[in-house]
Amino acid sequence: MKNYTDVIIGFGKGGKTLAGKLAASGHQVALIEASKRMYGGTCINVACIPSKFLENNARLSMAKGGSFEEKAAFYKQVIAEKKQLIAALREKNYQKIAGSIDVIDGHASFIDSHTIQVESSEGTEEIKADRFYINTGARPFVPPIKGLKESRYAYLSETMMDNDRLPKELVIIGGGYIGVEFASYYANFGSSVTVLLDGKDFLPREDQEVVALVEQSFEKRGIKLLREAKAEEIIDEEQHALVKVNVKGEEIVLSTDAILTATGRRPNVEGLRLENAGVELTERKAVKVDQTLKTTAENIWAMGDVTGGLQFTYISLDDSRIVASQLMGDHQRTTENRGNVPTSIFIDPPFSRVGLSEKEALAAGYKIKAARMQAMAIPKAKVLKQTDGMLKMIINAETDQILGAHFFCAESHELINLVKLAMDSGLPYQTLRDNIYTHPTMSEGLNDLLSNVQ
């Protein structure tokens, strides 16, 4: 039986980062991963990196133009290049830690709080450790729609990105971040896209004034949004699939070449036998943790998507900092003091936010001021030929501190990080308003935007 001081279950962003820190501090570390194709975690292999590679090339495809056949040929080339990129990154992630950490392939399950069993094609072994860290991520949720699992035209986001045939027609079930991003990608590649929204509102958690412009942009690009639409049955035919959809009580039938299911992800806890280790789950079947990410077992922590929090790779990275702080640092970092969390939806142009929306700020009892500006007013937007969108910021009228920012504009995914830093530092909005920025950049738009606070 092998013995370690620390064992990480899952080769994700948080797990591999913490493993490196522990090994550098002299700990004996093992990292367990169920699949060699997931070395590096979800982000590198099946999410952030491959999808953003598609996003960038989709914009190039739109700019190039051409017939659908030409676009389809370009798309096939992009998928091949994506596979090469991911394979290289996966190998780099493995080589980066392999010298100092034991990487063990197999499925881990707990026997007790200090022992796991690892099953692989080579057999079963038991491993003991002083401490364990669960970093198993999340998996796609597939709704119980008749014929969906059996359909040869049905994809999840990761399998969609391995399909080198560009669909002429694409139906997306789900209007969350993944569904909306893929709608934008494939519309730019040349597909005709229809998105089925479960509720009445499009992007209901976002500032609806800005969302209205996102919807206008989608309409201009031919992306159809069907509200209160529920897919009820998938029927495969010889050359395409039929999707029976209930839209506000009326049935319609959509013909499509591909169906993308983007209905969220669930914490990946199946098979871990957490109950054997005394690790409890929340009502939503995520690993229950405290603000230091310790589970209900004294020697076991959890990081990343498996905890049921925000499913972003940078949160998993910050989780590793929190755990490292508790084990080897000053014990100060917790989930309560990591500051404001920015998010970006990588559509065209990207839509990014940090902090409160106007509605949320008012509901929280703040007296507010707001600043608004059309993206086309920024010279860099004209240079990039990306003039759609707007920038909006919410200000505390009593303190002049920034409560929130909502940018639907070119390069917003970079710009939002500047605002996050200002918010975390407690700076008044005037600091960003009066700052000197390089020119031409999107960030210099903050000079004009914040000159219009009212």
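The chain as shown is numbered from 1 upward.
Heads up, the Cβ atoms here are built off N, Cα and C, so glycines get one too.
Heads up, TrEMBL stuff is auto-annotated, nobody curated it.
On a predicted model such as this, the values are computed, not experimentally measured, just so you know.
For reference, TrEMBL has these:
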DOMAIN    7-314  domain 'FAD/NAD(P)-binding'
DISULFID  Cys43-Cys48  disulfide bond
BINDING   Lys52  FAD binding site
BINDING   Gly174, Gly175, Gly176, Tyr177, Ile178, Gly179, Val180, Glu181, Gly264, Asp305  NAD(+) binding site
DOMAIN    341-447  domain 'Pyridine nucleotide-disulphide oxidoreductase dimerisation'
ACT_SITE  His439  active site, proton acceptor
Study note, to complete from the structure: One of the recorded positions Lys52, Val180, Gly264, His439 has its Cα closest to the Cα of Cys43 (disulfide bond), namely Lys52
Check your understanding: Can you tell which of the recorded positions Gly174, Ile178, Gly264, His439 lies nearest to Cys48 (disulfide bond) in space, using Cα positions?
Key -> Ile178
Study note, to complete from the structure: Taking every pair from Gly174, Gly175, Gly176, Tyr177, Ile178, Gly179, Val180, Glu181, Gly264, Asp305, which the record gives as binding NAD(+), the longest CA to CA distance in angstrom is 20
Exercise for review: Please report the number of other Cβ atoms within 10 Å of the Cβ of Val180 (NAD(+) binding site).
Suggested key: 25
**Study point:** Other CB atoms within 10 A, centred on Ile178 (NAD(+) binding site)
**Key:** 24
Revision key, fill the gap. When pLDDT is averaged across the domain 'Pyridine nucleotide-disulphide oxidoreductase dimerisation' (341-447), the result is 99
Revision key, fill the gap. For the recorded positions listed (Lys52, His439), most other Cβ atoms within 10 Å of the Cβ sits at Lys52
Point to revise | Site of maximum Cβ density within 10 Å, from binding-site residues Gly174, Gly176, Gly264 | key: Gly174
Point to revise | Protein Cβ atoms within 10 Å of Cys48 (disulfide bond), excluding its own | key: 17
Check your understanding: Including all protein chains shown, what's the count of other C-beta atoms within 10 A of the C-beta of Cys43 (disulfide bond)?
Key -> 22
Exercise for review: Using DSSP, tally how many residues of the domain 'Pyridine nucleotide-disulphide oxidoreductase dimerisation' (341-447) sit in helix, strand and coil.
Suggested key: 35 helix, 31 strand, 41 coil
Review point. How many Å separate the Cα atoms of Lys52 (FAD binding site) and Ile178 (NAD(+) binding site)?
Key: 11
Exercise for review: Take the C-alpha atoms of His439 (active site, proton acceptor) and Gly176 (NAD(+) binding site) and report the distance between them in angstrom, rounded.
Suggested key: 35
